[in-house]
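S.K.: One structure is given below, represented as structure tokens, and several questions about it will come after.
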Amino acid sequence: MADLEAVLADVSYLMAMEKSKATPAARASKKILLPEPSIRSVMQKYLEDRGEVTFEKIFSQKLGYLLFRDFCLKHLEEAKPLVEFYEEIKKYEKLETEEERLVCSREIFDTYIMKELLACSHPFSKSAIEHVQGHLVKKQVPPDLFQPYIEEICQNLRGDVFQKFIESDKFTRFCQWKNVELNIHLTMNDFSVHRIIGRGGFGEVYGCRKADTGKMYAMKCLDKKRIKMKQGETLALNERIMLSLVSTGDCPFIVCMSYAFHTPDKLSFILDLMNGGDLHYHLSQHGVFSEADMRFYAAEIILGLEHMHNRFVVYRDLKPANILLDEHGHVRISDLGLACDFSKKKPHASVGTHGYMAPEVLQKGVAYDSSADWFSLGCMLFKLLRGHSPFRQHKTKDKHEIDRMTLTMAVELPDSFSPELRSLLEGLLQRDVNRRLGCLGRGAQEVKESPFFRSLDWQMVFLQKYPPPLIPPRGEVNAADAFDIGSFDEEDTKGIKLLDSDQELYRNFPLTISERWQQEVAETVFDTINAETDRLEARKKTKNKQLGHEEDYALGKDCIMHGYMSKMGNPFLTQWQRRYFYLFPNRLEWRGEGEAPQSLLTMEEIQSVEETQIKERKCLLLKIRGGKQFVLQCDSDPELVQWKKELRDAYREAQQLVQRVPKMKNKPRSPVVELSKVPLIQRGSANGL
């Protein structure tokens, strides 16, 4: 029966993988719902306050770029050629061979440069033209040939074109998507969890599918009780920090994190899913690798290490078991549990795996940095070629002996190694850090310039264009059987109690890596959700032509901000009523649907604006004269933050104004006033609304 369950788990997992690759959006079991377009009023202020409404910030985001491009291509004739030129350059930069770049560069030059020059309408500098012409005459076509044009295209787009985008519906859509992104609160219900694919000291790793996009991931779940039992809180939190540091920027050679979240019992990392097994497993199955095959793995690992080191992260646990293969055979560095940030302070702890640890790591109290990883790389490459670490002769398991040999033994390289390979390994395995390859001031560049890699084009390595020496078998789960992986003994943690102080440690644990979420959405449901939302909004616009739009009331007035919130609706404070609010310098107005009367609360009636919590949801509490309270709830975190800020600012400024004006005797009045207003259907420019 157990065997049957294992087979069914494998089949279910493989089917999910195949469907996710083909049509991930079709596998989505939840729908992303974009907020109302009126969210723009709040989100624009929220983003502006954080310096996010700039050309550079929006153009560099995946969804921002897609919406900006769409606006230019469909609605702005003068910007269309610039965006098309930009896209052709980006395609050129990704070409694999010099021959392809030569053909493509000529086409780009003829279409976007020469044609414009002949028409005397080329809006670019003479230096940019000369730069490209000079290279093409010599048949030199580096990937960055058109970089001067990229800079000038962006310069031309960031002025009036960008301002028109900000005023358009496409920016409204950007605000809608950013609101969704900034309000992500993941739980286990947001994933379909499949079979277990691995286990570590604190928890397990599962294959899973994200419900709203259909994308497959690996879910690494750490048990909070087990962490507490082993006093591993610092390690768990450190892994989350290290993953957040390396998971930005384009690096296909590290198992990166897209999300982190936690439940009362577990810490969860949502990571890139790697289906091809690890190099330790393949070394045991395949046998040792040739120099050519090892070169392939070494090159991709070097680029992974370079990405980490550029972010001042030293990995500290480089070994074949931590190098995972994807379904095509390309590799990624996994498990950053021992990684360390050395930007402010160099580490000196002796951590890692014996047989791969650098001498300076083994010497207690000695500080080190990325130097440790280059020594470990030398050890690992030796193992791929010979089947054992250079310091683990005759399969000894004595850790002290392995460490002693690492500190004292001169590594003897076999005569069968090529001179180029010997040079590389001798450089990496130098005990003296000041003489070690990769530690002489230029980092990874020194290693990449080794004669052993002379035949490689590093741009081709980065683009993963070299054929992998080993392709994992398709239609198989390249992981141990679920029953072989086993499970933890629950008795171990039976006596462990999680206190409020334990949970407080993980208060800031949840995280969404913005660029990875945007990439996931762009690859899966972006077009579908946009099309559906466009249809919905078009229907609402037709319907609202008779009633008018909520936003219309704010036009031509000194309205600071407007949007939907929910307020407590009766004296017993038990029911929420959704209303549309308008914040003015001296008052807060709101209304219901259709022709419901407009209500008003003046700033002079407010005594304070505070944040409170009702049923675990953050709310705004407005204390009003006479001991009354006014409670407001927002649909998202950014809205709550911005409404709180703007209400407090308006209240503070109103208070300062009152203090400057001589006091007048007023009759007591009701704090909330109901306005008899013209129904929205009758509003127009004639009455200034």
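Every residue, even glycine, has its Cβ placed from backbone N, Cα and C.
As the structure is a computational prediction, the values presented were derived from the model and not from experiment.
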S.K.: Would you identify which residue of LYS220, LYS224 Swiss-Prot lists as part of the ATP site it also attributes to ILE197, GLY198, ARG199, GLY200, GLY201, PHE202, GLY203, GLU204, VAL205?
M.R.: LYS220
S.K.: Within 10 Å of the Cβ of ASP317 (active site, proton acceptor), how many other Cβ atoms can you find? Include all protein chains, please.
M.R.: 22
S.K.: Where does ASP317 (active site, proton acceptor) sit by DSSP, helix, strand or coil?
M.R.: coil
